[in-house]
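Not my notes, these are from TrEMBL:
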type: BINDING; residues: B:C90, B:C95, B:C131, B:C135; note: [2Fe-2S] cluster binding site
Amino acid sequence: MFRSQVLICGGTGCTSSGSDQLIHSFESELAKNDLQDEVKIVRTGCFGLCALGPIVIIYPEGSFYSRVEVTDVPEIVSEHLLKGRPVERLLYDETVTDNGVISLNDTNFYKKQHRVALRNCGVINPENIDEYIAMDGYKALGICLTEKTPQEVIDIIKASGLRGRGGAGFPTGVKWQLTAQNHADQKYVACNADEGDPGAFMDRSVLEGDPHTILEAMAIAAYATGANHGFIYVRAEYPIAVKRLQIAIDQAREYGLLGKDIFGTGFDFDIELRLGAGAFVCGEETALMRSVEGQRGEPRPRPPFPAQKGIFEKPTLLNNVETYANITQIILNGPEWFASMGTEKSKGTKVFALGGKINNTGLVEVPMGTTLREIIEEIGGGIPGGKKFKAAQTGGPSGGCIPAEHFDIPIDYDNLISIGSMMGSGGMIVMDEDTCMVDIAKFFLEFTVEESCGKCTPCRVGTKRLLEMLTKITKGQATLEDLDKIEELCHYIKENALCGLGQTAPNPVLATLHYFRDEYVAHIVDKKCPAGVCKALLTYSIDPDKCKGCTLCARVCPAGAITGTVKLPHEIDPHKCLKCGACIEKCKFGAISIQ
Amino acid sequence: MAGKISSVPFSGTQEQEQKLLEVIEAHKDVQGSLISVLQQAQDIYGYLPIEVQKIIADKMDVPLEEIYGVVSFYSQFSLNPKGKYKISVCLGTACYVKGAGDIFDKLSQNLGIVGGECTADGRFSLEACRCIGACGLAPVMTINDEVYGRLVVDDVDRILAEYQNK
């Protein structure tokens, strides 16, 4: 028995900020103090509060240490683990109150969350199947195989109201039913772990923090639909997730939880990993299947749907990572439990990856129907630097934005669509007054142009033309007529593109145009970028009252645009100025401003 | 989607070819394994020049144009050799709104190369990459396997200097 457990986050965020070195350092410090048999070190998955990484949590107290450095480790070991005195200086500020240190679960960030899909992330060691089993792991699979018929399993999923978490929100139970009713000599179940939305990392955290839950859910899905082989299509950009999935698959095989005759019921099921090679379109289901087959990941028209003809032309069930992460809990707790959370048509919880201009960057899981205000102000801790909220972008390159006027709308699939955005896979990027909405629309278009597979013309050519028009706006060369042309082209692309990527590519443009038309107009008519982002529209000037004539700006200016005499105010020649910003960075007196 | 074809002469060794043949042998009969083979081939050679694609085409009995089609489709595959230090700047949304574009411009300016290129001495290559999921550290860049987060433009000189004499 260990008297203390040191949980160190081994997710991508914390690993990037050095949690591996922390683990080594804890090991050697514990050995030095002869504590290695009393204190156990566990490398867990993501705790969610990535902004504060690397994170270390020490139980039984539940002390939450944030941004821990290797040099802090000796103090934590000698003070906290040896003498039992938590090192307050290193604790997460919010856990240190006037009434002493409070538990992590009582902080604003965690209090409003409800963790279903993320239940094991940051709790267990993802590389140890026994820890997963201790958390009721593989119990749901046992129940399904020994007590339920495949149809009963499907009925449970249907009754829960679970909808696909990849973004489109198709009812999961119906998808299972459609695959089950197609008869074939071979069927497949697949997991879409090609999380390509920039700014979304929910799926990665589940794969890294709780890989077995995906394997178990896929086995249940295979039993329900009559498949015996599975594929997990995961991005090669997620090396930690790939490694842990492979470890999990190997362990599950060793325990007989994958392979032949699982639980002695005669049910066979095995899983293979397929690594993506960097193509956003492969998140689209038909393209993903082509890629699993080793081909160019180009989409094809539907029907036939994957439930009829999928991987290698066989009926295939394809669900997203987060969808699978809910399955075992629905089986164990019952569909009524799941359906009791959320809104009328969107049940359960949703994981969001909070990023951008927000204090608590990280992963949050909240019941469907939570408002944006709760997520951003209460859980997210608001916007840094006292800046004003402008919009939250959801749904990545396929989505739109939620402006401040919809701050109190309950977030679910249908509400987001009604205000011109979409749930998407769950990326939520917060933007403040310094973000230019035209620039953001252009950013997403650049992404889609780059990722368009080129198969259909509306997407290949249309998005490129759209990008050119947006670029014109950001350079101050557009006319108001261009806005009408942009809208017309957007609708044309939406109606005519072959797959989801093209059909949704205009959404960021349409949404920003709808809510922030005045910003577009300011670029076109006033030739100004209100947020001060679009370089071609900026003018730099020196405030003569603040300038001390130190000459630093004139020396760093690569264009020689700044002139003046020592100790007298300088001037910028707007015709020579390249708008590179070098002068502003160097000015110690805040004398240079952008308009 | 991949860039232009490399002008650097191919310099593969016998040893590398032997490894590649072993990889092909192990995957030959697995349905749909072409991408896995290409990924491992890129691990062996660092990139996928036409010479390597030809070997794979011959041994796997797949037309060369099909292989080239797959290689040029996916951004992970490179037709050009990479620098000794591969710099990738994340231009995912979270990094972008926190100023990753400025970091990228500064690197490009300092190194005198644009994205997708390699410096003349072969030391650095620069590319913009898709979200690596370290959004909590935004803006982020990686140099080989080392991750640099919460960057500001002024960090660039210092970080490049660390690698200049390595």
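Placed from the backbone N, Cα and C atoms, the Cβ positions cover glycine too.
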Under 8 Å Cβ-Cβ from B:C90 ([2Fe-2S] cluster binding site), six or more apart in the same chain: what's there?
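Sequence-distant Cβ neighbours: B:A100, B:A128, B:C129, B:R130, B:C131, B:I132, B:A134, B:A138, B:P139, B:V140, B:M141, B:T142.
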Which three-state DSSP class does B:C90 ([2Fe-2S] cluster binding site) fall into?
strand
Using a 10 Å radius around its CB, how many other CB atoms surround B:C135 ([2Fe-2S] cluster binding site)?
33
Using a 10 Å cut-off, grab the number of neighbouring Cβ atoms around the Cβ of B:C95 ([2Fe-2S] cluster binding site), all chains included.
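Neighbour count, Cβ to Cβ under the 10 Å cut-off: 31.
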Count the Cβ atoms, other than its own, that fall within 10 Å of the Cβ of B:C131 ([2Fe-2S] cluster binding site), considering every protein chain shown.
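Here the count is 29.
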